[in-house]
Amino acid sequence: MNNGIDPENETNKKGAIGKNPEEKITVEQTNTKNNLQEHGKMENMDQHHTHGHMERHQQMDHGHMSGMDHSHMDHEDMSGMNHSHMGHENMSGMDHSMHMGNFKQKFWLSLILAIPIILFSPMMGMSFPFQVTFPGSNWVVLVLATILFIYGGQPFLSGAKMELKQKSPAMMTLIAMGITVAYVYSVYSFIANLINPHTHVMDFFWELATLIVIMLLGHWIEMNAVSNASDALQKLAELLPESVKRLKKDGTEETVSLKEVHEGDRLIVRAGDKMPTDGTIDKGHTIVDESAVTGESKGVKKQVGDSVIGGSINGDGTIEITVTGTGENGYLAKVMEMVRKAQGEKSKLEFLSDKVAKWLFYVALVVGIIAFIAWLFLANLPDALERMVTVFIIACPHALGLAIPLVVARSTSIAAKNGLLLKNRNAMEQANDLDVIMLDKTGTLTQGKFTVTGIEILDEAYQEEEILKYIGALEAHANHPLAIGIMNYLKEKKITPYQAQEQKNLAGVGLEATVEDKDVKIINEKEAKRLGLKIDPERLKNYEAQGNTVSFLVVSDKLVAVIALGDVIKPEAKEFIQAIKEKNIIPVMLTGDNPKAAQAVAEYLGINEYYGGLLPDDKEAIVQRYLDQGKKVIMVGDGINDAPSLARATIGMAIGAGTDIAIDSADVVLTNSDPKDILHFLELAKETRRKMIQNLWWGAGYNIIAIPLAAGILAPIGLILSPAVGAVLMSLSTVVVALNALTLK
């Protein structure tokens with residue numbers, strides 16, 4: 001495939017680009033390529049700005065987006081309790097979608113049932129000072145234990161049924177086997193003692209009651225932790241108000257439910273109110289707090305024509321907006337859908353934990369049976385049953401099964417709240433072993449917006465303010481990025497341009513008009529030379545070397561000023577590059593700008609490898625070359641013109657997406673334009689991996705130690721675990737994993 005890059009034959013190519021200590025790359029730059037630059041074609045650009053590399057500084061076009069519904073998110077979707085959504089196959093039997101309030105109620109009612117059972121029955125035949133007996137107390141224990149087994153054991157019995165139905169027996173099956181063996185044997189002992197009062201067959205009612213109560217408590221705590229793991233997303237779902245103020249056609253207000261709002265409706269949002277939907281400001285100006293939805297900590301200034309995001313908080317101004325995205329297709333819904341999909345995917349570590357958890361059931365089953373047979377010969381039937389039940393209860397595939405999904409739920413939620421959106425969850429795992437970060441210059445390292453970088457007055461009869469008034473008169477009605485940059489500069493300087501009359505385009509070279517009764521032109525270098533105007537080539541070269549686009553102001557056929565416009569480097573870019581280097585990741589800059597402009601930016605930022613004059617296909621080829629060298633590459637770009645290279649890289653990251661987060665080619669989407677968010681993603685990926693490894697070690701290590709102990713391997717030295725203690729340890733193992741996930745920040 002010809003990508004326009006030929007590292008073998010540089011001498012026959014035009015526009016040698018880049019600076020690479022190891023090797024150089026060249027690009028075939030035809031006339032067509034010179035018209036297709038880093039940010040695509042600019043259809044309506046006035047012709048006087050076609051000089052030099054002007055097309056290379058194109059304005060990014062982040063289209064508009066629509067997004068999603070947060071008003072109808074129920075508990076199971078948000079909390080991650082349904083493990084099938086978390087890619088947790090082994091826990092499929094556990095009905096985590098049960099409302100936590102119902103589970104809490106089941107625990108408390110089971111505890112009430114368990115208290116008299118504990119008071120009226122001995123533990124393993126041992127009597128305690130608090131034990132109470134009376135005629136018929138054994139019947140009370142039987143009835144209460146039966147109710148407790150059916151009611152309190154229901155989640156575990158139902159879970160086991162589902163696991164077996166799916167041919168994936170795991171923790172719920174083990175627990176169900178344990179409590180069923182304890183209950184059935186206890187009923188047998190009750191009948192045997194009833195038939196022959198002179199013999200005493202020990203029951204397990206005490207153990208059964210404590211087992212069920214402790215496991216219900218453990219799973220309630222765990223469910224709460226799982227819910228908290230996605231707490232950030234739960235808060236996102238609660239950001240939208242229930243009612244809004246809608247403007248009627250006659251201008252009066254009406255209060256309506258958010259569900260009644262449609263695209264095109266006009267709403268009024270007062271100071272301090274939450275933005276009910278995505279929209280565009282029609283009237284007013286304000287400062288909006290978007291921290292809860294995009295992670296942008298600073299207030300964002302908004303005025304007429306700007307977009308607002310549903311769920312953000314209006315600041316000190318009252319505004320009127322036109323709805324562009326309702327709860328069903330707004331930004332928040334799109335974020336939630338993206339996060340749900342990411343949480344549903346599986347990483348390599350999760351596949352590993354699922355396999356181990358699946359085999360753990362069979363290990364526990366075999367060890368439990370072996371323990372039963374061994375203790376039947378070494379002791380008696382009650383002791384043998386106790387060992388087997390304890391093994392079944394203490395084995396916890398759940399801890400292993402939850403090890404990864406809980407961390408994933410937490411990390412994806414944290415990422416989403418901070419404007420780091422994962423479209424491919426494996427990107428989080430791959431981000432820990434990166435070798436190279438490739439950065440598209442415009443929009444990533446620079447602001448992506450033109451501004452006036454220099455004005456050189458060539459005629460002492462004119463002052464800078466007057467020069468700007470002339471330029472503003474010509475550019476006031478133009479709509480290309482350079483004109484926008486000039487007019488924004490005038491606005492910042494609070495300069496009102498002159499009025500232009502008889503304005504006309506000079507085909508391919510610039511603009512001309514009558515301003516203040518003088519003939520005024522703004523033209524490019526080609527036209528200036530044609531008119532015989534004297535231009536200092538060294539001065540022009542200096543401007544261009546800094547990545548500037550240069551135009552010339554001519555008043556009454558006399559060259560009076562040179563104006564340079566450039567894309568300003570972001571203040572935080574230099575610190576970002578230094579931080580990347582400290583992580584032993586090589587920064588590489590890619591740009592459609594000319595090599596001299598690329599060199600100026602790269603040298604200022606401390607980037608040793610850079611390539612200029614590139615088209616999208618060229619960038620993809622460069623990414624592929626690094627991949628062919630065995631490097632793991634993250635490509636950061638705008639997600640639109642960089643789509644091929646984003647898709648080709650190990651990780652594709654779109655930066656500065658704003659609300660337009662539906663970027664198919666990216667694995668990660670950053671809503672803000674701050675390159676430091678890339679560092680935040682890398683740090684979160686590192687911490688996420690650390691938590692995953694910790695949880696895997698805990699889940700595996702716990703079972704390696706706990707199962708032999710439950711089988712009675714240390715009985716010779718007097719260390720024997722009862723089923724109740726086994727239940728406590730099993731519950732604690734899942735709680736530890738859950739709480740460890742919650743410490744991820």
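Quick reminder: no glycine exception, Cβ is built from N, Cα and C everywhere.
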Same-side membrane placement of Lys104 and Thr133 in Swiss-Prot: no
Range from 140-160, 171-191, 360-379, 724-744 with the greatest count of C-beta pairs under 8 A to the transmembrane segment (389-409): 724-744
Least Cβ-crowded entry, counting other Cβ within 10 Å, from the recorded positions listed as Asp440, Asp638, Asp642: Asp638
Conformational class of Asp638 (Mg(2+) binding site) under the three-state DSSP mapping: coil
Long-range Cβ neighbours of the transmembrane segment (140-160) (under 8 Å; 6 or more residues past either end): 93-95, 98, 103, 106, 109-110, 113-114, 116-117, 120-121, 169, 172-173, 175-177, 179-180, 183, 186-187, 190, 205, 208-209, 212-213, 215-216, 219
Sequence-remote partners of the transmembrane segment (201-217) [C-beta within less than 8 Å, at least six residues beyond its ends]: 103, 106-107, 110-111, 113-114, 117-118, 121-125, 141-142, 145, 148-149, 152-153, 155-156, 175, 178-179, 182-183, 185-186, 188-190, 192-193, 382, 385-386, 389, 393, 722-724, 727-728, 730-731
Residue distribution over DSSP helix, strand and coil in the topological domain 'Extracellular' (192-200): 4 helix, 0 strand, 5 coil
